[in-house]
2 protein chains.
Amino acid sequence: MMALDESWYSEIHGKDGSAFSFKIKEKLHEEQTEYQQIAIYQTETFGRLMVIDDCVMLTDRDNFLYHEMMSHPALFTHADPKRVVIIGGGDCGTMKEVLKHPGVEEAWQVEIDQRVTDLSEEYFPELCSANKDPRAHFYFGDGIAWMADQGEAAFDLIIVDSTDPVGPAAGLFTQAFFANCLKALKTGGIMVQQSESPIYHSDLIAGMHRDMKAAGFADTKTLDFPQPVYPSGWWSATMAAKGRDLNNFRETDIANKPFETLYYNLECHHKSLALPEFMKKALAK
Amino acid sequence: MMALDESWYSEIHGKDGSAFSFKIKEKLHEEQTEYQQIAIYQTETFGRLMVIDDCVMLTDRDNFLYHEMMSHPALFTHADPKRVVIIGGGDCGTMKEVLKHPGVEEAWQVEIDQRVTDLSEEYFPELCSANKDPRAHFYFGDGIAWMADQGEAAFDLIIVDSTDPVGPAAGLFTQAFFANCLKALKTGGIMVQQSESPIYHSDLIAGMHRDMKAAGFADTKTLDFPQPVYPSGWWSATMAAKGRDLNNFRETDIANKPFETLYYNLECHHKSLALPEFMKKALAK
């Protein structure tokens with residue numbers, strides 16, 4: 001058995017018994033913020049890598065998968081999303097994708113740790129290319145408290161672009177949080193939340209469906225996509241809709257979208273919604 | 001940076017600059033055969049793991065993804081597959097899936113290294129549960145030479161379930177081999193071959209399409225699926241058809257299939273055929 005030496009950065013997925021590693025050229029930055037430890041590396045083949053509290057957040061090479069799939073499917077499912085909020089998303093990659101939609105009038109990024117955004121502007125400038133768009137608004141503070149303080153029916157779309165459901169992000173995976181999102185959404189509104197790995201975390205995904213419905217959402221659906229640098233290389237997001245179902249989306253608008261993507265297209269929107277047999281069973285329980 | 005110690009097995013994807021690791025309980029077996037080094041481990045959370053020449057072949061936990069997707073999409077695309085050959089596939093997992101189809105009358109597994117099959121029968125008995133089916137036939141020898149020796153129009157379906165395109169498997173990724181497969185297929189026949197990672201190896205996939213068409217196949221299509229233990233966690237297979245196109249498959253038969261699967265179903269057949277934007281561009285070059 002070969003041990004990986006110090007020239008590798010390894011994320012150990014403890015309870016999953018696996019690890020993913022990057023060959024590293026150099027550590028570019030490391031700091032302990034008020035909330036967490038952030039490190040940035042230059043890798044050999046994935047461009048730059050951001051790590052928070054020993055969890056891989058993103059790389060230059062493959063973040064397009066996550067950011068496109070956290071935003072475009074939900075945006076094209078909503079009839080006409082004008083006011084969008086991103087909870088978390090401090091690297092600004094989701095904001096960039098959201099603002100590709102000309103119909104979006106206002107997008108808020110509510111990130112607890114301003115240092116994530118500061119470091120992203122320094123080390124991942126491409127992700128921050130839309131930050132000066134006049135529609136982009138930034139609030140740095142606790143997303144759970146912020147959401148509880150919103151008025152009723154303030155938003156069309158809520159994207160929960162969070163870390164794993166441990167530590168500060170645990171409160172984002174609760175019925176109480178979902179109920180605050182429901183309240184803050186207009187009728188016809190949608191929330192979409194990153195929901196971990198289909199193969200490692202199908203129980204968590206099933207629990208989110210139950211809790212979203214218990215909070216009052218009318219319909220829920222999980223979508224999936226490849227994400228090489230996250231545990232299992234396979235990731236998901238779960239949508240919930242207020243006062244509507246999630247059976248249809250704007251297919252013609254997708255086919256004619258006025259912007260480029262690297263992964264997302266009409267076929268991949270359909271692709272993301274097809275559930276494997278084991279997921280159907282997990283969600284039917 | 002944390003180094004992974006000797007309690008982990010790491011597969012290093014050298015030129016991709018990444019590695020995937022399993023927490024190991026014990027090494028169960030290791031040998032150098034006439035062709036390659038085979039090792040079998042008991043992992044903490046993936047069940048048993050087979051490694052050949054430092055490349056992860058399969059685990060108990062997630063091999064269903066690969067074996068189902070290497071077999072059922074092609075079998076259900078063919079109108080009525082009766083005679084099937086598997087080149088490689090020594091662990092017998094593909095044979096097990098093929099023989100779930102009642103219409104298959106004869107299936108050949110042509111594996112170069114009998115020790116792979118012997119060890120699979122000992123350590124992965126579930127994958128070998130169909131080996132005593134009277135329709136199952138085993139030949140141990142070089143699949144490239146065997147295929148060149150077949151008569152014309154002998155088979156309905158050829159599944160190339162090989163290792164990576166280096167070493168003994170390199171000859172399976174050539175126009176000359178594809179031409180021999182074409183000759184051995186009946187009109188209306190299909191070959192399907194594992195074709196590596198969409199995100200790491202899109203150039204190789206594009207080259208297979210070109211070489212399959214140059215060999216005389218009428219149509220080609222790539223399908224993809226998640227595979228956590230292979231590089232990038234995202235894998236593909238590429239199909240080629242003799243004297244027909246690949247636009248349709250037996251949807252009603254899939255919806256009524258008389259056997260169980262863990263991943264594959266009608267929706268996931270469609271799912272596998274949807275190409276991301278970057279793949280469309282790679283294949284259009």
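Every residue gets a Cβ built from N, Cα and C, even glycine.
According to TrEMBL, the domain 'PABS' annotation covers A:6-242. Here the domain 'PABS' (A:6-242) has a mean pLDDT of 96 out of 100.
Taking a C-beta cut-off of under 8 angstroms and a sequence separation of 6 or more, A:P168 (S-methyl-5'-thioadenosine binding site) has the following same-chain neighbours: A:Y35, A:Q36, A:I112, A:D142. Marked as S-methyl-5'-thioadenosine binding site by TrEMBL: A:Q36, A:E111, A:D142, A:G143, A:P168.
Per TrEMBL, the feature spermidine binding site maps to A:H67, A:D91, A:D161, A:S162, A:T163, A:D164. Around the Cβ of A:D161 (spermidine binding site), the same chain contributes A:M70, A:I86, A:I87, A:G88, A:G89, A:T94, A:Q194, each under 8 angstroms and 6 or more positions distant in sequence.
Annotation comment: TrEMBL describes A:D161 as active site, proton acceptor.
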Whole-number Å value of the largest CA-CA distance among A:H67, A:D91, A:D161, A:S162, A:T163, A:D164, listed as spermidine-binding: 16
8 Å Cβ shell about A:Q36, A:E111, A:D142, A:G143, A:P168 centroid, S-methyl-5'-thioadenosine site members excluded: A:Y35, A:G88, A:I112, A:D113, A:G141, A:A169
Residue among the binding-site residues A:Q36, A:S162, A:T163 whose Cβ has the most other Cβ atoms within 10 Å: A:S162
Rounded Cα-Cα span from A:G143 (S-methyl-5'-thioadenosine binding site) to A:S162 (spermidine binding site), Å: 10
A:E111 (S-methyl-5'-thioadenosine binding site): secondary structure state under DSSP, collapsed to three categories: strand
